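Trainee: Just passing along the structure, written as structure tokens.
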Amino acid sequence: MDLKNKRAAKWKHHHFWVSFCHACQGLKTAWKEERNLRFHSIMTILVLLAGLVFRVTVMEWLWLGLSITIVLVCELINTAIENIVDLIVGNQSNKLAKKAKDIASGAVLVASLFSLIVGLIIFLPYLWHVFFS
Ligand SMILES: Nc1ncnc2c1ncn2[C@@H]1O[C@H](COP(=O)(O)OP(=O)(O)OP(=O)(O)O)[C@@H](O)[C@H]1O
């Protein structure tokens, strides 16, 4: 094993709970550092409350759950990509860094638009019922 592989092996943990704690630490860091993630999390809580208030069906819960999960996962991957790009280029302006970050943000945008459409399809009929019937 060469020096590089030995160093990599130092960080390797094969215990499930150690990996689980690292994943939780990652969520905590992302929550602390990413304003957008906090915004999406607050939206998630509002959507879950709306689901409870309107007593949405099981199928609707599944679509809401899928939409929320896709947005949060994209936001976490976007954050990881931003950190990797910053690690590589630091404070320097770089065309490829911009491209990578913009594309990662694009993924969050696509997921958010999908969630918005799902939310409108599910909640508009309930709102219509409350206000117009
Ligand atoms: N090193 C860089 N070189 C050139 N442009 C950059 C660089 N870093 C960031 N940018 C540009 O600035 C934008 C914002 O980058 P930043 O790292 O602040 O992410 P952010 O504001 O957290 O983005 P997001 O809203 O997607 O989470 C990027 O999408 C990119 O267009």
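Cβ atoms here come from the backbone N, Cα and C positions, even for glycine.
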Trainee: For the ATP site, TrEMBL lists Glu34, Lys101, Asp102; sort out which one of Glu60, Glu82 goes with them.
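Mentor: Only hit among Glu60, Glu82 in TrEMBL's ATP site, alongside Glu34, Lys101, Asp102: Glu82.
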Trainee: Checking proximity to ligand 1 here: which binding-site residues out of Glu75, Glu82, Ser105 have their Cβ closer than 6 Å to it?
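Mentor: The ones that qualify, in sequence order, are Glu82, Ser105.
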Trainee: Going along the chain, which residues at least six beyond the ends of the transmembrane segment (62-85) come within the CB cut-off of under 8 Å?
Mentor: 26-27, 30, 33-34, 36-37, 40-41, 44, 47-48, 51, 56, 97, 100-101, 104-105, 107-108, 110-112, 114-115, 118-119, 122
